[in-house]
Amino acid sequence: MGLRNTANEVEQLHHYLKKVHFKNNLEDEVFFNENGDLNVPYNIINMVFLPNGIIHHRIVGSYNPFQKQDFTINEKKIIWESTFNQTPPQAKCSERCPPGFRKLTREGEPVCCYDCVPCPEGEISSQSVDMDNCVSCSENQRPNHERNSCIPKLITFLSYEDSLGNALTISSIFFFLINAVILRIFITYRDTPIVRANNRDISFILLTSLMSCFLCSLMFIGRPQVTTCILRQAAFGIIFTISLSSILAKTVTVVTAFHATKPGSRFQKWMSYRVSFSIILSCFLLQVLICLVWLCTAPPFPYLNMHVDTGIIVVECNEGSAIAFYCVLGFLAFLAAISFIIAFLSRNLPDGFNEAKNITFSMLVFCSVWLTFIPAYLSTRGKYTVAVEIFAIQASSAGLLGCIFIPKCYIILLRPDMNSRKCLK
């Protein structure tokens, strides 16, 4: 009971000890810091009571706040009274907090009584012990598993070695080869009625541009560089413009071909190749102009995105100018919408001109893919954002290829009897 009262009396002195501030004989300022430790070095004395009544002072340790290991004590030098047979007392309330933890003082208890809590996500405590606070790692680093040091963040991007990147590469090459086979079929049967029926030169341009679309998607795979960031968006916009303007030219050709067959029709002058190629060339030049303005003012560039995840850095291409990027997409959407509207309004033409139905369906697939792309693109993060864009490029290109050219290949290879002028009339 007496010991408990003594402990309470000592604790009552803490308030006054915290306010102690004086100069010793050496003119050093002496005070207690926030942890209750003196700011100056001192020795730890073991008082030994000798049998003859003399008290011997023996230095058994020291405290030096200016050293890394501030407290040292040699327990072997300590001499206990002969009547003391218990475990030596520990002059501390809590065990020291190891690296990776910080002290959390217990409310209503002395400052030497605390709990050790792990550092929060993204922070560490260094190799020293009993850290009051954890510190954050730099933006390009992350804590290790023990949270006692910072290590470089993992750099990630959609690579060819990645399983997802590998699958998209294989699909791109597969569709490219399918496209090449179809182009070969059209070149071989270029003089047949079904190939000549709707401007075979435009068909060749469209097939070539679709092949380029499949190859274009490969530029989105691999670590972004200055060159690839510039080329991937510009090539995507220009190549897709050629494809969509070719479809628009095809659609206009289908409509004018039907109306030009009527006696005295004014549409005969629209049947010339110059009109079709003028549509393609004008759309191509306009998109090139948009891309040139974009690349000259705010070109895309590689960007280290450190905010996707706390442990990784995503290397991606920043568009540079979001307005220019959406102008490119907007022009493509305009061409797709015009082609779809004209083809849809002409879907009920006679069977000899039924390519309008194929174009209508192809543009419906194209628009559906890109309308689905927008929410998917905005909801994904990191390398999956690039994967979504590659998938949209390949899916929309495959939709155009399949809807417009597969039916013709079916007739050329499997129904040659339908590949005649009689069936096209």
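Using the three backbone atoms N, Cα and C, a Cβ is placed for every residue, glycine included.
The model shown is predicted, which means the values in this text are computed figures rather than measured ones.
Among the features that TrEMBL reports, domain 'G-protein coupled receptors family 3 profile' is placed at 164-425.
Taken from TrEMBL, the feature transmembrane segment applies to 167-189 (among others).
Here the transmembrane segment (201-222) has Cβ contacts under 8 Å with residues 157-160, 165, 168-169, 172-173, 175-176, 179-180, 182-183, 186-187, 195, 228, 231-232, 235-236, 239-240, 242-243, 246-247, 249-250, 253, 273, 276, 280, 386, 389-390, 393-394, 397, 400-401, 404-405 of the same chain, all six or more residues outside its ends. Per TrEMBL, the feature transmembrane segment maps to 201-222 (among others).
Residues or ranges marked as transmembrane segment in TrEMBL: 234-258 (among others). Long-range contacts of the transmembrane segment (234-258) within the same chain, counting only residues at least 6 positions beyond its ends with a Cβ under 8 Å from a Cβ of the stretch, are 198-199, 202-203, 205-206, 209-210, 212-213, 216, 219, 267, 270-271, 275-277, 279-280, 282-284, 286-288, 290-291, 294-295, 328-329, 331-332, 335-336, 338-339, 342-343, 346, 349-350, 353, 355-356, 359, 362-363, 393, 397, 400, 404.
Per TrEMBL, transmembrane segment is recorded for 279-303 (among others).
Sequence-distant contacts of the transmembrane segment (323-346) (same chain, at least 6 residues past either end, Cβ-Cβ under 8 Å): 233, 236-237, 240-241, 244-245, 247-248, 251-252, 254-255, 258, 283, 286-287, 290-291, 293-294, 297-298, 353, 356-357, 359-360, 363-364, 366-367, 370. According to TrEMBL, the feature transmembrane segment maps to 323-346 (among others).
As annotated by TrEMBL, transmembrane segment applies to 358-378 (among others).
TrEMBL lists 390-413 (among others) with the feature transmembrane segment.
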* To do: Check the transmembrane segment (390-413) against each of 167-189, 279-303, 358-378 and return whichever range has the most CB pairs under 8 Å.
  => 358-378
* **For the transmembrane segment (279-303), sequence-distant contacts whose Cβ falls under 8 Å of one of its Cβ atoms, 6 or more beyond its ends** => 202, 205, 224-226, 229-230, 232-234, 237-238, 241-242, 244-246, 248-249, 252, 315-321, 324-325, 327-328, 331, 335
